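*Asks:* Pulled from TrEMBL, these are the listed features:
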| type | residues | note |
| --- | --- | --- |
| BINDING | Gly101, Asp102, Arg103, Leu104, Arg123 | substrate binding site |
| BINDING | Asp124 | Mg(2+) binding site |
| COMPBIAS | 1-12 | compositional bias 'Polar residues' |
| REGION | 1-23 | region 'Disordered' |
Amino acid sequence: MFGSSPTPSFVDSVQLGPSPPTTELCDQHMGPVDCVDDAGITIMEPGLLRDFGGRIRFHGQAMTVKCYESNVLISQLLDSPGHGRVLVVDGGGSRRCALLGDRLAGLAAKNGWAGVIVHGCVRDTAALGEIEVGIKALAPCPLKSSKRDPGLKAVRVVIGGALVRPGDWVYADEDGVLVSREALPY
């Protein structure tokens, strides 16, 4: 298995119910805009990512990948147990090819990943919307990726101004993506 297992508190939060709305988390933990820097929570650049998966609201501990126009490592990770985690992929913002399609999204759903966030493109978008997993990405692109340099796993990545480390907590919905070092009580 890749990376560390999620903390027990995550398993408890999954059993308690659905993912909390990001707006509610901001209201409870961040306050008004002039208090944001003190909260320890980062918001990914608004409007950067679009929803493609069958689940719009999702959360979990982050597993990270840094790769460029190659989805070898993404495939390996999604083919392993997700334990409710969110795979955060820094694809360098490339719009030349897709890093995720229906086959990999199906693996993510089957193996218990809560979601996948891709700083890059996805394909098979009609099918992605039918798969019960959260997927956020820059845009669709019909061209598949290469299988060359697999990239790096369990590294720090920055997407939309937000630093994401393995084990950070990611909360995503139609209003945005939040990243926190700790689980946010709701």
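Glycine is no exception: its Cβ is also placed from the backbone N, Cα and C atoms.
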*Asks:* Once near-sequence residues are set aside, which residues in the chain of Gly101 (substrate binding site), 6 or more away, have Cβ atoms under 8 Å from its Cβ?
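*Replies:* Once residues fewer than 6 apart are set aside, Gly101 (substrate binding site) is near Val122, Arg123, Asp124, Ala127, Leu128, Lys144.
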*Asks:* Take the mean position of the Cβ atoms of Gly101, Asp102, Arg103, Leu104, Arg123, the recorded substrate site. Which other residues of that chain put their Cβ within 8 Å of it?
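*Replies:* Going along the sequence, the neighbours come out as Ala98, Leu100, Ala105, Gly106, Val122, Asp124, Ala127, Leu128.
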*Asks:* Helix, strand or coil: which one is Arg123 (substrate binding site) in, per DSSP?
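*Replies:* Looking at the DSSP assignment, Arg123 (substrate binding site) belongs to neither helix nor strand, so coil.
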*Asks:* Among Gly101, Asp102, Arg103, Leu104, Arg123, the annotated substrate contacts, find the widest CA pair distance and round it to a whole Å.
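*Replies:* Overall maximum Cα spacing for these binding residues reaches 10 Å.
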*Asks:* Quick check on the binding-site residues: of Asp102, Arg103, Leu104, Arg123, Asp124, whose CB has the lowest count of neighbouring CB atoms inside 10 Å?
*Replies:* Arg103
